[in-house]
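Chemist: Here it is, the structure, as structure tokens.
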Ligand SMILES: Cc1cc2nc3c(=O)[nH]c(=O)nc-3n(C[C@H](O)[C@H](O)[C@H](O)COP(=O)(O)OP(=O)(O)OC[C@H]3O[C@@H](n4cnc5c(N)ncnc54)[C@H](O)[C@@H]3O)c2cc1C
């Protein structure tokens with residue numbers, strides 16, 4: 001039987017999660033993943049990888065909850081298996097603190113993480129500039145381990161990987177029967193989507209093994225996330241900024257702000273500086289797009305999964321599962337001869 005040729009564009013956490021979902025669920029498809037950047041050079045590699053979400057304005061909260069839950073359950077199973085060290089997935093506990101009490105004191109994901117509760121007054125004394133806090137246990141998914149682990153899993157499922165730049169989705173229509181676009185920031189050009197914009201983020205990796213609990217300021221700008229090999233200190237959110245090199249002034253600001261939350265940061269050795277461009281968009285785009293036409297006139301379906309902003313690791317498996325559903329729909333609609 002002829003296999004349906006599926007191409008996934010993008011080798012970040014969204015592309016590889018989607019490629020694994022499709023390749024494992026649909027053995028009748030021959031899945032190829034193409035991208036110009038691979039780990040450790042993607043935005044996904046820069047993410048602290050904490051499972052944590054801010055709510056998108058125009059997507060039903062039920063759908064966002066499902067994305068979070070599917071990702072959490074998938075990664076929790078890995079964290080509790082013998083694969084945890086290879087995949088770089090671990091449980092982590094800590095708190096999020098606020099200078100003003102937020103309107104939503106109980107976020108939509110509060111029942112999906114473990115042990116969600118408010119900080120006590122005694123606990124808050126440690127943060128004199130903050131008046132409210134939430135404590136919980138969530139997952140941390142370190143992309144520099146997780147992406148190579150996903151790539152192995154994808155290849156085991158029969159997937160193929162190619163390094164190349166795609167200049168338009170049409171260019172793929174001659175060689176594939178279905179296109180899945182997971183190109184992150186690159187989707188601005190590939191899908192002609194003016195909503196996609198870079199949100200630059202800089203972080204530092206430091207050696208500070210005594211820090212074992214995370215602290216995140218509710219404004220999303222300052223955070224301390226301990227991981228397997230180092231502690232991530234962040235960060236910045238610079239909309240429209242495409243600079244990929246580290247800025248010393250940003251690093252200085254990060255150390256100063258983190259030091260106010262956790263003074264012992266001053267004793268930490270800085271190991272490296274990382275910069276990533278988040279694929280900013282008002283909402284992630286997980287839907288079917290207009291098909292592209294091959295030279296011979298054949299119309300090739302397109303499914304989009306991009307624009308996850310600052311939450312791509314958190315939503316990666318959930319949006320991949322949704323994308324798999326959209327791929328299945330396209331396959332059902334394909335003329336029978338294309339599938340024989
Ligand atoms: C500092 C920082 C901290 C973060 N912390 C967290 C966190 O704690 N939790 C969380 O959930 N998220 C976090 N994020 C957000 C997260 O990193 C992103 O949402 C996620 O990485 C987006 O994944 P992606 O696969 O869409 O994009 P990317 O990782 O950028 O991958 C895009 C892929 O598409 C390919 N591509 C693009 N255009 C083309 C083209 N024309 N041809 C071929 N290939 C192409 C690229 O080469 C790349 O392989 C953070 C981000 C930053 C910068």
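Placement of Cβ uses the backbone N, Cα and C atoms for every residue, glycine included.
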Chemist: With 36, 37, 43, 44, 309, 310, 311, 312, 313, 314 listed by TrEMBL as binding FAD, identify the candidate in 161, 166 belonging to that site.
Modeler: 166
Chemist: TrEMBL has 223, 310 binding D-dopa. Which one of 256, 278, 281 is in the same site?
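Modeler: Candidate listed by TrEMBL for the same site: 278.
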Chemist: Within its own chain, what residues at least 6 apart in sequence put their Cβ under 8 Å from the Cβ of residue 36 (FAD binding site), listed in sequence order?
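Modeler: The answer is 163, 164, 165, 166.
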Chemist: Over the domain 'FAD dependent oxidoreductase' (5-320), work out the mean pLDDT and round it to an integer.
Modeler: 97
Chemist: Please list the binding-site residues from 223, 310, 314 whose Cβ falls under 6 Å of any atom in ligand 1.
Modeler: 310, 314
Chemist: Can you give me the residues near the recorded D-dopa site, meaning same chain, not 223, 278, 310 themselves, Cβ no more than 8 Å from the center of the site's Cβ atoms?
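Modeler: Not counting the recorded site residues, we get 47, 48, 199, 201, 220, 234, 235, 237, 309, 311.
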Chemist: How big is the D-dopa site in terms of the longest C-alpha to C-alpha distance among 223, 278, 310, in angstrom?
Modeler: 17
